[in-house]
Protein chains: 2
Amino acid sequence: MTVRVGVIGGGQLARMMIAPAVELGLDLRVLAEDEGMSAQLAATAVGDYRDLETVRAFVRDVDVVTFDHEHVPQEVLRALVADGVQVHPGPDALQFAQDKLVMRARLAELGIPQPDWAPVRDAEELQRFIDDHGGGAVVKTPRGGYDGKGVRVVHAGADAANWFDALTGDDALLAEELVSFRRELAQQVARRPGGQMVAYPVVETVQRDGVCAEVIAPAPGTGARLVEVAEQIGRAIAEGVGVTGMLAVELFETDDERILVNELAMRPHNSGHWSQDGAVTGQFEQHLRAVADLPLGGTEPRAPWTVMVNILGGPEDGALEDRFAQAMEEHPDAKVHTYGKTPRPGRKVGHVNVVGDDLDDAVYTARATVTQFL
Amino acid sequence: MTVRVGVIGGGQLARMMIAPAVELGLDLRVLAEDEGMSAQLAATAVGDYRDLETVRAFVRDVDVVTFDHEHVPQEVLRALVADGVQVHPGPDALQFAQDKLVMRARLAELGIPQPDWAPVRDAEELQRFIDDHGGGAVVKTPRGGYDGKGVRVVHAGADAANWFDALTGDDALLAEELVSFRRELAQQVARRPGGQMVAYPVVETVQRDGVCAEVIAPAPGTGARLVEVAEQIGRAIAEGVGVTGMLAVELFETDDERILVNELAMRPHNSGHWSQDGAVTGQFEQHLRAVADLPLGGTEPRAPWTVMVNILGGPEDGALEDRFAQAMEEHPDAKVHTYGKTPRPGRKVGHVNVVGDDLDDAVYTARATVTQFL
């Protein structure tokens, strides 16, 4: 019988699961937050993913549940599991992507290299952390941050005063050392419920204002040892936290040639969009294979280089389609992926992949294509 | 505004338009013949494509109409055009794919190389054609044939007696010389309403029992001159018949090194499935670009070789999904495309693409993957 995969959340990640679901013969069903979202075509329900009864009604007609985002509350996830629903990734894994303090503690247990960190409950604790780490730190709200939100570079305990004021009960912020890094990398791994894993080549990611702007796959100028270490870290985390589906591990490559874990995401991730056109198996297909417990696909690049550039913003007058046609006209070899969103400044409305033999050419073409949108 | 593309027919060709439509940001709507067809996800209407009012109601909410098959009657197509509907390909072009006698006459006008042919109205006329062509001929019903149906090899006028008996009015059958061919090839071209064209590399097709079984892209052992001639033929026909969208030209490569046109198809075609994984722009994306009047995409192969093998038949006990998982397990680099159909002997229920540097490896892997289904 056709496997019915339910996706909670109707954003672009759910949207980009539609294409491989059709080819794989999976019946994809989406619980969207609103009408008219990116994954509208597959939306079979609209409602609040924080409401257990809404989610329960949605999952009644699916065989396995997965996610467009990591914001479904633990109590909802655990109730589904108690109901006997297949949830991938499950709540035990997903907690490490939902709470950065829980994640840091688990990575420490697993012996995974990461920046120095500590929970801080007030400005004094933060000041002590700053004093111990060269006069600066990164402070993060453990929950709910994304795309640079909930992240602040500070040089004094008072710099996070308003966040401390908002803490309740035993809550704490996460303080991390300011890592001096050469560049950022990302390692993706897919894992099936039974434990089968495959790893993608490590990629270089370029962030602007805390948002992923570009990805180069594989990461240029990367020695075999670093590639191996990144893959080992990805596999160790996937296994150690018991993830099912895609795991993305954001990494710092430090000036002194260490690899430190920055963030985790347990879903298809912006750093993996290149694989849609640049790898034998795209990350959206791979995520579906993993959560539907199908054998995983090959992860080899299809060509020496793939460059992904996000389309951030765009014309606000509804002329996105015209820009799109213009971009296609100028760059027939660029693969444009649209999210069906109305542009706002800085909003991710799509991305472009360019696959080729020459890195400079691919970077040029991908950037030039995106420029047509702005 | 988002372009709404209406597809008449809900088979696998419409199904395979869904994935690129999502990524291109086109709103795909399908008029399916029945519930539960291959393109079910995008089906917004179910009804008879031969009924003008059914089709009129469907096209009311689309910007452009295209097709999963070539069977929509001319009178329906012409009524839509008279209503002001954008129809691609239009009836003037589509008639050449709908009626093989009309096609042969037009190719003759265009000076395109083709087998000797003649309309034959009775067994005597056919016998004369056979006598003039070495004692054999191929007889075709001009309309409604596909996958080897409506095609018969004959050695006497009486061999087509039942088809002559069924003719009415001025109707005729098509007689063609029995071409002695080395192999069969296919040339695809995409054409926009304004005339922009792109051509794919010519491919080799292998038919079994009149049905396309395998495709190798590009056609192996093909000299530059043959590649050029095939492309010229494809472009000349596309221009000469005014096709919009994808055109497939099925070709014979004769023992004496000529290229002769066998059949035309004005839609994505089985000979072009390789391009989904093996070319910069897959034929389903290209067809959508062309009919939505968007700039056409690159047609370069992504790798030296792509091999497509059809899945014909499969287990009738509903265990197709198990075979599918088994095929994925054994061949993680094979791309399996499913059509959401119940297997019957010889029925096309999917296909497999394998992309690689070595032709023998790709052929082996593609065939071995398909074997898992049978």
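Each residue, glycine too, has its Cβ placed from N, Cα and C.
DSSP assigns B:E176 (ATP binding site) to a strand. According to TrEMBL, the ATP binding site annotation covers B:K100, B:K140, B:E176, B:E177, B:L178, B:V179, B:E184, B:N262, B:E263.
Per-residue confidence over the domain 'ATP-grasp' (B:104-292) averages 95 (mean pLDDT, predicted model). Sequence annotations record features per position, and here TrEMBL assigns domain 'ATP-grasp' to B:104-292.
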Packing count at B:E184 (ATP binding site) (other Cβ atoms within 10 Å of its Cβ): 21
Helix, strand or coil at B:K100 (ATP binding site) [DSSP, three-state]: helix
